[in-house]
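Novice: Taken from TrEMBL, the feature domain 'ABC transmembrane type-1' covers A:79-271. The transmembrane segment annotation in TrEMBL covers A:12-35, A:78-103, A:115-135, A:147-166, A:195-217, A:253-271.
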């Protein structure tokens, strides 16, 4: 059996070459902006605008990574804000989603299918469509230009996917376990707390990570529209303000971008397994 | 477990926090949008109902152009995402050394703050110093520097490419999962019968991943139709409106010019289109699942 598998996967040399070429082109497309951004961050500002174009930097140095802290003084604050906003969003989403997922996964009640569908329908509408009434809502409750203006709408649009992922996960936990507890007289609340929650921990971890990434990677439109105070800006908006200026210090901004995305890059390598699980869970064969 | 009355009540207690939240932040604003679309709301203090006037105003030739452009933009972007993503998934599925690393390297665009990736694309599109124009000149494809974001035609494609770049990791990972779920025995049986690799891909892999591809392209269709960040950051809808999709148009009407009522009417039209897509999606999924079971 093993041998057969090995045979079926044996490629001729030109097939291997062709596939590596394909993978190279594919990965180059995916990584090109990062490569370009990194090279720009290494070039001294004066040489950046020299023509003709040179792919590799001459006299490249990491100087921009040190000077940027002065050019973008609020940089540390932006990163803190990004993480703070994403963390609060993730916590709120989990508090709302864990009980709801249990209800969908374990209790039969009329209209549960429709209700789950209704939750998923929220995914259809991007924040952009709802910006006007949200803007007025925020203004009415004095939430404009606060952290809440980014947290409150952020949570709403991450709930549907989180419910979908987590209830799919909980459904896969064998029913015999809670039925045994139920026969012994345990209440639904007890089963949720003592049986399902501990068993669903891996699923909850996946949902927490996916939600955090969603909150971290997609913070733009709400922050752009609802907050104009520098001290609350998340990283993308903070940098966006700099990119819009007349004289852009490109190499330092690229360096800042890299330092800003480094935590996410480290996360990818550390949590790769969870990410793929979150992205594809319940997707293909459901 | 029997669906007792107390259990049902408990279910609703568990659901109420999430339900209330979504009702307040999504459903209520949605209804408000519809309501606003019949008013002349703006920054002025008074707001009057003006009937269908906003709708009458937006359905002019210009809006028809914007709708057409949005559909073309979305169609091109989704098609490219699906082609590149599925191709990438097949390559990443090949039993080659290093494939675990290649799979990780596919994820950055999805995981890094989207806006920052788009800033970097903005630099790449720069005519004087950007990579694309630079490399094209080096290889003699163009004579002089091309400022991709300065001309309508190239800006249109530039925003599409960046949007594709954002969507590709998700499509790739999803389609990779689909490719991996194709039963190995099918391949083995065909292989024993002497089927070539290309023949197996065409006759086994592609038909087997077709349902997943339909699902993914519908999901992608909805998110692409809603795409805001790449266009806003790269061109803000310009030059001279050549990258203004319906979302961008709504945003600049509502929050740029502060014409809330008119913007709301545009948002309602977007919601109608999105609902149509969702309906299409559900019909496609039910049809597919029927075909799979019979």
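Each Cβ is built from the backbone N, Cα and C atoms, and glycine gets one as well.
Tell me what's around each of these sites.
Specialist: A Cβ distance under 8 Å defines the sequence-distant neighbours of the transmembrane segment (A:78-103), meaning residues of its chain 6+ beyond its ends; these are 72, 109, 112, 147, 150-151, 154-155, 158-159, 162-163, 166-167, 169-170, 192, 196-197, 200, 204, 207-208, 211-212, 215-216, 219, 231-239, 259-260, 263.
Residues 104, 144, 153, 156-157, 159-161, 163-164, 167, 221-222, 225-226 of the same chain, all 6+ positions outside the transmembrane segment (A:115-135), place their C-beta atoms under 8 angstroms from a C-beta of that stretch.
Tertiary proximity for the transmembrane segment (A:195-217) is limited to same-chain residues at least six positions away from its ends with a CB under 8 Å from its CB atoms, namely 82-83, 85-87, 89-90, 93-94, 97-98, 102, 105-106, 154, 158, 161-162, 165-166, 169-170, 173, 177-178, 181, 186, 264, 267, 271, 274-275, 277-279, 281.
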Novice: Report, as numbers and ranges, every residue of the chain located at least six residues beyond the transmembrane segment (A:147-166) whose Cβ falls under 8 Å of a Cβ in that stretch; write 'none' if there are none.
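Specialist: Long-range Cβ neighbours of the transmembrane segment (A:147-166): 81, 84-85, 88-89, 92-94, 96-98, 100-101, 104-105, 116, 119-123, 126-127, 130, 134, 138, 200, 203-204, 206-207, 210-211, 214-215, 218-219, 222-223, 226-227, 232, 234, 278, 281-282.
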